[in-house]
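Q: Let me give you the structure first, and then I'll get to my questions.
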Amino acid sequence: MKCIVGLGNIGKRFELTRHNIGFEVVDDILERHQFTLDKQKFKGAYTIERLNGEKVLFIEPMTMMNLSGQAVAPLMDYYNVDVEDLIVLYDDLDLEQGQVRLRQKGSAGGHNGMKSIIKMLGTDQFKRIRIGVGRPTNGMSVPDYVLQKFSKEEMIIMEKVIEHSARAVESFIESSRFDHVMNEFNGEVK
C-alpha cells in the first residue's frame, strides 16, 4: 500500500496559505477521483482508496504542522505501510514559486512538519515532493510569510504547480519507479 501525506495546518484561516500547499495537492487528487478524507484516527484525516490498481492511504494530519508526525507514524503503523511507500508533500522556502523538487530521502531542511515526521518514523529515508513557495523579500518574518495566503497572481502559478505535483504522485502510484517520476517531474512548472 502506498501512503500519500499532504502537510498543512487545519482550519479555514489556513486554506490557500503557503504552508498548506501539501493539503492542496492531496485535495486535488481526491477531488479529481471523487474520494474524500472520510475517516479519522490517530490525529489524522484519511481514506484508503484504489488508484491505478494500487491501494493508497491518503493522510492529512489534523495536528498543527509542527506535530505532523503524531498523525503520520501511527497511521502508517496501524495499516502496516512500509516507509519506502511513503511520499510527503510540503512547502519549501528554499525553492522559488513554480519549482517542484522530488527527492528519494533527505533531511527536514528546517521544515518543522518534516522534522516531526522524521522524528516519529525514526528515519529520513522516505520520498518527498518539495513545493517551492519562495522566501519573503519585504522583511516579513518567515512564520508570517508561510501563513499568508497566495495572491491572485501567485495562485495562477500555484494552480499549475498543484496539478503538476498531483500528476507526479499519480505517476508514482502507477509505476512505483520514483527515479523515473523524478526525471519527468523535477524542475520548474510552466
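Heads up, the Cβ atoms here are built off N, Cα and C, so glycines get one too.
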Q: For the tRNA site that Swiss-Prot assigns to Phe14, Met64, Asn66, which of the candidates Asn80, Asn112, Asn138 is also assigned?
A: Asn112
Q: Using C-alpha positions only, work out which of the recorded positions Asn9, His19, Asp91 is nearest to Asn66 (tRNA binding site).
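A: Comparing Cα positions, the closest of these recorded positions turns out to be Asn9.
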Q: Under 8 Å between C-beta atoms and at least six apart in sequence, can you list the same-chain neighbours of Phe14 (tRNA binding site), or say none if there are none?
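A: In sequence order, the residues whose Cβ lies under 8 Å from that of Phe14 (tRNA binding site) (at least 6 apart) are Gly8, Asn20, Leu147.
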Q: Would you list the other residues of this chain near tRNA - those whose C-beta lies within 8 angstroms of the C-beta centroid of Phe14, Met64, Asn66, Asn112 - in sequence order?
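A: What remains near the Cβ centre is Asn9, His19, Thr63, Met65, Leu67, Ser68, Gly113.
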Q: Would you mind sorting out which of Asn9, His19, Asp91 (the recorded positions) have a C-alpha within 10 A of the one on Met64 (tRNA binding site)?
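A: Checking Cα-Cα distances against Met64 (tRNA binding site), the recorded positions within 10 Å turn out to be Asn9.
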Q: Can you give me the same-chain residues 6 or more apart in sequence from Asn9 (site 'Discriminates between blocked and unblocked aminoacyl-tRNA') with a CB-CB distance under 8 Å?
A: Thr17, His19, Asn20, Met64, Met65, Leu147
